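**Student:** Questions regarding the structure given below will be posed in turn.
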């Protein structure tokens, strides 16, 4: 036997003085208790045991409170008191000892554990040591038994994997026991050993197994019974629940009631077991005993056992009876009183019968309570028994019942035995000795009997020290002998003899001999032992074999390997800061409907859904979330449960075919194990990096997931939003398992991670700051993030936030004005990388390295550690793109790959190891990758151009000079990869262009080299792509012969560029400005322009729609015809004729076989698309029909219009089903819900109304405050409706709550049409402002602005595949737009803030722009670079004026009467001019900057002169009779001219105050709407325009007469003279004209009158021109468009002829647009016919 029993550890005893207070308190408590109980005893202490003495088991009340009834004594040693008066020796147990535990030889680490006691011993040690098995309970395993040095040493050798192995073994033991059908005694003895070291769930599983086995066994199995009780007694805190103990006690009492005393000892075992279980119930404070069902039957059963012939059973039953008295039940105080009244009235035998409590019965109950007597035992609430005495009267009884006192008999000896048992459990044997000798109840035979049993249990327990066991034998002898204060009853003496005889059966010779010697002396008294054998051991014998463990050790390694994987994955999880991401249901959902992503994923895992797609931008935290999810799932994993598996998709070779098996192989699972897992287990697959693996396949479908015999999985996939096109769901939705392989929409769901909110950013910073010592606190970081413009928006991306927090201290160093600081993404990465490398260098310098590593570090530091580290990562990034086509994961095995390119980075030499470990790399086994995809992209971009010394501390090689030879250019980084598909890399490099002029020059040089070197084509294509993305303009550039195939120059500016004989194969020219560019003989195969040729009609087109299959497009015309186009060739195939007036609305049936139309002829028509015939005419509307719709089922249609009704029609019969009323004005638009249950309508009455389509009943009505509504559409999933308003706003409403979720100003004028893309990701709008726009439905950010229409756009429609957009207009065209690249390519987003005024600074270097939003923006007039802007108010900026000294700017908002003068340098208000009584409409600074003149509108109509410095009003000039629209000072500042809509120009002399009328125009109101004045050295120029006229009029200042009318053929929107007065620019719808004044020479050689000629016309004007400004002293001018576009042009003289002039674009900012007028494509090669037609139309 390798079992060892540890010797008892002696503790030094405190002095008697230290113990006396505690022992006296204990004795006084028992004495008081005993005195109160004396009246209940019917016999004297010296009397022999009679039948009445055994009736001491009568019921007694429960405690007065819910406190534990366990006797708790302060944990101090009790020293025998020499002065105590008693006959029992108090030094038999002289000292307290340490409670022993199992002690067996410890196994060597990772050695096989073959014996269950050894396994339990190991686990008990690990419970006490920190680690996964640490116990939080005070179970007997760890209590009072600290581990020694040898044990500590062993614990330190056990790693987490082995700890988990032990945990797994004990769990498997329980599973094996549960699966064992026989449950033989050796198996039971083995399994109960593990009870103290089980976790709660496993313990409860084992307990349930025992209970079930006991309940199901027909013949009593004593071993099962003893095992069950032993398992109950070893339970840790909170492992047992009340129901367990109630159930066990009930089944034991039931078994006892049907078992009879005979030859069997079963009743004895049952009685003792019931008593032990009741003890646990008492100490555990069970509260669920039902009195009628549980408590009372057990009382009656135990009461009946008092007459048992077996004295041992009688004593055990008495003990159990007392335990049951202390076990609380569910009886209320009133029920207690009721019960006692019933006892008094009918006798104790009728306790369970029905009794009515009447006044008489109540009084008898009180009388009964009075008879009970003086003493009542309360609860043991503080560890020492509390004894209360009550005087019982009627009131007292009620108060007692309210305190839950039960006045039945509870005996003090039971509590005393509870206390002594506690002393024994704690090893406090000396204290036990003292209490027994002086207990007030020590002469009670029940107490004596119990003490003898407890001492006998010590003697037979082999875990106690031999000396202690011998002392226990001696103690029994002393108890037998007794004395004056301890008088053992004869039954007790016989019991002592019986116990000693049981000890004789022990194998321990020394203890047995001690008992033999004692018996020889005691047997002479003539008293015999009790016949029979009675077990004293409280636990089953220690098993000699471990059959269960042997079986468990034979279990295949699979479950253990899963445990090892679990531990490894938990240990690998390292996330310093984790913030739960928020998400929304889909891309078009609003930010008002956010939810925690983890909650949604948990719902997915609990549902029947099979696939969940999680989308998010790069750096949104997808991988972080995935790893955290895996971590949580592994922590929750239980054997046999669903297995979480994190899958890094880019690391797998064939994820589309063998995903799970391939991932398991990376974790070293064997093929047999993989097959078993496939057939029998379930998985949660967390697939990360779908985009990085460049997959396009449906992983669920290609892997045959969830099909018969295949992997049973829940599939969660994450992907970057930018990677997916419009129709992405087909890549992820499962296919139903049927012959049609239908898409199973109910098995798929998605969520979109949203950027961090401010609260999440703040939370992140709060957790970030304490991670390491920092000088900044949370407030410092937040202040900087908010102070730097746009940085807070940038760091809403979690990864950028991480970088920013590291970089911020460096970025803001020595910066004073953070509001003017501009931070790019590239600069943030630069700073972060420098910081990272510096931290790692210092870390290595502080470490103790090996000799070779230290030498390598010294060499690296001498050469620049940071520099070498960055070069290492740059080279690695370049190799990943070159060798692996950008796949981010590098698999490296030294044995296999030491001769490959990978060894250069992952080899074993010390230098590489140091650089690798210090780099931004993560490792998983043999797999390496950069910590984030953007880091890989950053370092690759650095191989092309990194930070310069001006912007950073390291200077990676930059190719400042272009390679001179073809071989050199072929090795250039730009020649290695097509960067068009790597938008993030292009963005990094575009920022480098803005930071490094040398890099910009290099890119130009590469483009130039491509003219003569074919090998430079790829590099040149990448170069021009980067430059365009950086905003570099190529207007007027000589690009002849360049080779840039495949370049993306969408949105680029190439006005008047020379592109002859260039190679533009496959180039993306979407929205490029190529006006006047020359493409003669250019290679233009596969060139993309982003749109298709428009369809020209004879009438205005007021409606259009695609057929459901996308093969046809229907167009409704002004005069009633409907034309059908084939979308493959865009040819007209059919015309439907029948309507007599304008066709306002069209809708196809879901099948595409029918077409519905509504017209101004008041009818709705249903057409057969195959034959073109009208199936039926739906008549009933009394006014024009404005809108129609087909229901999703195709069985019903709806129509509405100017008669203020909505009508529903049956398609088959044409019957008018319902007339839906409620609107009070025209109904403009209707839409069916996706399920067809509702139709929603909007109109001019500002109400949104819902109707039930089945009953016609009105539903909800929502009122809108944004004015008249023009259009409405349901989102594809029905979660929202989008409403277009007459004021240009677009509003979204949640269909569940009815609340607006978001809105934005979509157009300047009414939103005539709205359309969701099929996937709901985008929404298209069209307007009477001539534009079509596509927006991100979720955010409201504009993706594209399509211009080209020349009149109001009436409707817009997405094609069913989401790849095209059609719009129709009153300009008689249908335009077709390509939307395939929206949101994924290089499409340029532009603002749409309407420009209200433009103005150059006096030196011409700055261009100021006032806007509709109230902001005034500044641009570099030469480069177009965007500068700072100041919001001068919340109203549109109607007027701007800059002082000639360039120091101040004056602004006034629309309808404002106040002018504010601002300091340009500080942006602060200088002075405010108040005095006008109506809105200020014009203003001007004097040439000397001293004065400001202002003019106002109707009701004031004055010109006021102010001191520009003080803001004081100098004078008021009155005379105009209408609005003053124009003011200008003459160069001498002594005369101011004012123009008014009263038709006059007035000149005001500031010296003498005189006023004269210079020009008098027409006297009719609105004939003159605006004036233009020029005070150039060439003389005063005056021009006017009318409200609706198509001409500009030139006036002679000297005569005041009309000099010339300049005809334009269209409405003149605005005009302005150049500073020289020789040119005038006129803005028109769709064009811009430039007029030049040519004077006639007189005969004397002087200048004659002359005339104005239009020399230049710019035809690419896509919107309304709102303002014109000429640059001082030049022929450059600026045009501000109402759509937000700002352009600067210059006039260029093309020959010596006076008429040979052209306009060339200098730069443009705002929404890009395809402009191709006057472009030359002679002999261009490969230009498709569709593109030729498009360019012809655009030209």
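Placed from the backbone N, Cα and C atoms, the Cβ positions cover glycine too.
TrEMBL entries are annotated by machine, without manual review.
Straight from TrEMBL, here's the annotation block:
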type	residues	note
DOMAIN	168-499	domain 'Arm-like repeat'
DOMAIN	611-770	domain 'NACHT'
REGION	1-21	region 'Disordered'
REGION	950-971	region 'Disordered'
REPEAT	1136-1177	repeat 'WD'
REPEAT	1178-1219	repeat 'WD'
REPEAT	1220-1261	repeat 'WD'
REPEAT	1304-1345	repeat 'WD'
REPEAT	1346-1381	repeat 'WD'
REPEAT	1473-1516	repeat 'WD'
REPEAT	1517-1558	repeat 'WD'
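Tell me what's around each of these sites.
**Tutor:** The domain 'NACHT' (611-770) scores a mean pLDDT of 87 in the predicted structure.
Secondary structure of the repeat 'WD' (1136-1177), assigned with DSSP and counted as helix (H, G, I), strand (E, B) and coil, comes to 0 helix, 23 strand, 19 coil.
When Cβ-Cβ distances below 8 Å are used as the criterion, the repeat 'WD' (1178-1219) is approached by residues 1141, 1144-1151, 1154, 1156-1166, 1225-1232, 1234-1236, 1239, 1241, 1243, 1249, 1251, 1253, 1256 of the same chain, each at least six residues removed from its ends.
Within the same chain, residues 1186-1193, 1196, 1198-1202, 1204-1208, 1267-1274, 1276-1278, 1281, 1283, 1293, 1295, 1298 sit at least 6 positions outside the repeat 'WD' (1220-1261) and bring their C-beta atoms closer than 8 Å to a C-beta of that stretch.
Residues 584, 586-591, 726-729, 752, 1071, 1270-1277, 1282-1290, 1292, 1351-1358, 1360-1362, 1365, 1367, 1369, 1375, 1377, 1379, 1382-1383, 1387, 1389-1392, 1394, 1662-1664, 1682-1683, 1711, 1713 of the same chain lie 6+ residues outside the repeat 'WD' (1304-1345) yet bring a C-beta within less than 8 angstroms of a C-beta in it.
Broken down with DSSP, the repeat 'WD' (1346-1381) shows 0 helix, 19 strand, 17 coil.
Within its own chain, the repeat 'WD' (1473-1516) is flanked in space by residues 1438-1439, 1441-1445, 1447-1448, 1450, 1452, 1454-1461, 1522-1533, 1536, 1538, 1540, 1548, 1550, 1553, which lie at least six positions past its ends and keep a Cβ under 8 Å from the stretch.
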**Student:** Pull the DSSP breakdown for the repeat 'WD' (1304-1345) and write it out as helix, strand, coil residue counts.
**Tutor:** 0 helix, 23 strand, 19 coil
